[in-house]
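Asks: Sending over a structure as structure tokens; questions will come in a sec.
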Amino acid sequence: MKNSRRSFLKLAGISALGLGTKPVLNAFASGGHSEKHEAEIQKNPDALKAKRWAMVIDTRKFESEEDFEPIIEACNKIHNIPKHTNKRHEIYWIWVDEFKHVFINQEHEFVDDRVKHLPFLVLCNHCEKPACVRACPTKATFKREDGIVLMDFHRCIGCRFCMAACPYGSRSFNFRDPRPFIKEENKEFPTRMKGVVEKCNFCAERLAVGKTPACAEASNGAIVVGDLHDPESEVRELLKNNYTIRRKPDLGAGPAIYYIV
Amino acid sequence: MLELAIKGGKKYWILIIGLLAVMGIAFGFWLWQLSFGLGITGMSRDVSWGFYIAQFTFLVGVAAGGVMVVLPYYLHDYKAFGRITILGEFLAIASVIMCLMFIIADLGQPMRALNVLLYPTPGSVLFWDMIVLNVYLLLNIIVGWNVIEAERNNIKYPGWIKALAIFSIVWAPLIHTVTAYLYCGLPGRGFWLTAILAPRFLASAFAAGPALLILLCLIIRRVTKFDPGKEQIQSLAKIVTYAIIINVFFFLCEIFVVFYSRIPSHMDHIKYLFFGLHGHNALVPWMWTSMAFMVTSIILLVNPITRKNEAVLAFACVILFIGTWIDKGMGMISGGFVPNPLHHVVEYAPTIPEIIITLGVWATGFFVLTILFKIAISVKEEVSGV
Amino acid sequence: MNDKNIIITGLIIFFVFLTFPFWYNMGKASPVPEPKLTDKAKAAKECVEPKEYMKAEHMQILDIWRDGVVREANRVYISETGKKFNMSLSTGDDSCMGCHSNKADFCDKCHDYASVTPYCWDCHIEPPKEKK
């Protein structure tokens, strides 16, 4: 009897914390039952934090297609991204495409040779006003307070409304069980199951333990992440000193991925 | 009244068993899809919605189209339609059931479908679409069932039924408007990003729905003792005529805006559909067929001489139905996804399993429709004592 | 009534179907399994919550943890005894499965008995099976 009441209070308290409503928790805590310690949920103290995460890609630092491979490979490996044999089932988190495909409407016939022939990295833009989040009927995709747009694979029903909504083609769907197509499983990160949508997660799992995103780590300084709201941050420094462009700025989605061309 | 559905002739049972057989086969394929995943369809990363969602979109239209017999009767007291309002309501029920089945067929994780209720998200149009469709289904079941029951008992339906019927008249355009909003509010898809999309959906719905009803009326007259009536069919034909003309007009408005402004992200989709893009042109013959069918049906329907000839009318309705089906059921969804946001042309074609599952849902719809119509018509035969 | 026999036969058939699971499984009841602890788990002595509580409510804890980790980036659980835990099902040695690495004896046994099939392992990678 006593135990079940205690469990209930504790669960209610934890759930309230999970929802981020501290007043509710306090109300429960002052509810008169005497425990020495309440169970608590906290952030990892080593976690990297930002008010608004952003990424700057210095495309001048890439010289050939080989330069992109270790970056894409690092992401694919860490996140257990399958290599499907059927083109229709392909899954990308970060990949490359030509300027005219990445920056539609910004290309012209006489664009310089380097830009014309050099591939550009593309990934989820972690938009300020993400259309995918607006579309999702279950909040399975959501924007975190620090600006990262994430997927909750447990909740996704696979309606693919977010894929139709994303103006950048950054989302992929598991048309079948991905496991047989993952060469080497990274035990530190889950795979996905069939029937859910996935995309770049800005390495949320790495930020949480104090590591920078895998692509940035593998890029020899060509990719920098940081806090857009911190004037001292490296991304702000780069944005201040270089002319940068973003994909489809006219849509007003506010991408957080900036490109130095 | 359900007992009326199990008293039928040989042909009735052949139809029922035939439909059940198709449903059974398709169910098997659906189980396969459930275990393998949506990879058995032709959908891809680039065309992430295909045949299922397209059928859903078209059938929401057919469901909404049913209102075109309900509205004149309840709002304008057009007595002639009193004979056939029930057919419109039952057609709406069957159509909405198909819509819901297509949504389920399209989900990657159908077992989690109720997450939509568990985590209600008013910002998502899909959330609202679920609400409007289910309410419309419920309205039509309640109104349809009570009206036919009252008719059987030779009494007038209760007053609250009329209130609900009028409510359903307001609701019908809503279901197709919300369905259009699924598409036309998406920032990166130029083909759908147009305010005319919802009106266009409604116009094609009010053409396709009543056209199907005319065909059903003609079939009913032939195979049962109940005659829906010449006047009724002609009135429906006039509704169809106006609606299809408005549909084509709206489409031409879209064509003007897109091709006069010449904004590539809007133009390329229509170019792909009607002329092909970068050598990809799988839908070109279909789209021109659709246009030709719709225009031909207009010519046949506008002219009173051809419209009043029921054989010609039936032909016009058939090609109109096919034309609007190609337009919405094939072009509307694929067209929005090709070219993709990075401007690559990746084409889509449904696979055999996908087509079989689609047929299965259609068969289920016709199964429901057959049973409901059987009940309605048995009641009508009973009442008129033939 | 001429239909009396038919109705009674129908009722009997219905009743037989209804009770099918009971008489089909008669005499086959197996004893309630007891989850086994690994040496590591035994040595640790305490889990994130008391044993009885975990037995009954571990799914709730997992559910809260999953929302906390995925949606709020909260990854540290401080139990009532003040001990800190890494909130993770399967990542790292200090995760649930890092301690309870004997999935077959710790999870599956009871789940099979209760006939529940959680879909955790569709995505989360199982700890490698211990070779004996």
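Going from the start of the chain as shown, residues are counted 1 onward.
Including glycine, each Cβ sits where the backbone N, Cα and C put it.
OK, TrEMBL features for this one:
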- B:12-32: transmembrane segment (TRANSMEM)
- B:52-74: transmembrane segment (TRANSMEM)
- B:86-105: transmembrane segment (TRANSMEM)
- B:125-148: transmembrane segment (TRANSMEM)
- B:160-181: transmembrane segment (TRANSMEM)
- B:201-220: transmembrane segment (TRANSMEM)
- B:240-263: transmembrane segment (TRANSMEM)
- B:283-302: transmembrane segment (TRANSMEM)
- B:309-326: transmembrane segment (TRANSMEM)
- B:355-377: transmembrane segment (TRANSMEM)
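Quick one: how deep are these features, and who are their neighbours?
Replies: Proximity of distant same-chain residues to the transmembrane segment (B:52-74), defined by a Cβ-Cβ separation under 8 Å and at least 6 residues beyond the stretch ends, is recorded for 41, 81-82, 84-85, 87-89, 91-92, 95-96, 98-99, 102-103, 105-106, 133, 136, 140, 162, 165-166, 168-169, 172-173, 175-176, 179, 201-202, 204-210, 212-213, 235-236, 239, 243, 324-325, 328-330, 332-334, 354, 357-358, 361-362, 365.
Among residues of the same chain six or more beyond the transmembrane segment (B:125-148), those with a C-beta under 8 A of the stretch's C-beta atoms are 1, 60, 63, 66, 85-86, 89-90, 92-93, 96-97, 99-100, 116, 157-158, 161, 164-165, 167-168, 171-172, 174-175, 178-179, 181-182, 185, 372, 375-376, 379.
Nonlocal intrachain contacts for the transmembrane segment (B:201-220), taken as residues 6+ away from its ends with a CB within less than 8 angstroms of a stretch CB, comprise 57-58, 60-69, 84, 87-88, 91, 95, 173, 176-177, 179-180, 226-228, 232-233, 236-237, 239-240, 243-244, 246-247, 250, 310, 313-314, 317-318, 320-321, 324-325, 327-328, 373, 377.
Outside the transmembrane segment (B:240-263), and at least 6 residues removed from its termini, the chain residues within Cβ reach (under 8 Å) are 68, 190, 194, 196, 199-200, 203-207, 210-211, 214, 270, 294-295, 297-298, 301-302, 307, 317, 320, 324.
Taking Cβ pairs closer than 8 Å, the transmembrane segment (B:309-326) reaches residues 58, 61, 204, 207-208, 211-212, 214-215, 218, 233, 237, 240, 244, 247, 286-287, 289-294, 296-297, 300-301 in its own chain, all 6 or more past its ends.
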Asks: Do the transmembrane segment (B:86-105) and the transmembrane segment (B:283-302) come together with 3 or more C-beta pairs under 8 Å, pairs six or more apart in sequence?
Replies: no
Asks: Counting Cβ pairs under 8 Å that sit 6 or more residues apart, are there three or more between the transmembrane segment (B:355-377) and the transmembrane segment (B:12-32)?
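Replies: Contact criterion met.
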Asks: Residues of the same chain, at least six outside the transmembrane segment (B:160-181), with any C-beta under 8 angstroms of its C-beta?
Replies: 56-57, 60-61, 63-64, 66-67, 70-71, 74-75, 85, 92, 96, 125, 128-129, 132-133, 135-136, 139-140, 142-143, 146-147, 150, 197-198, 200-202, 205
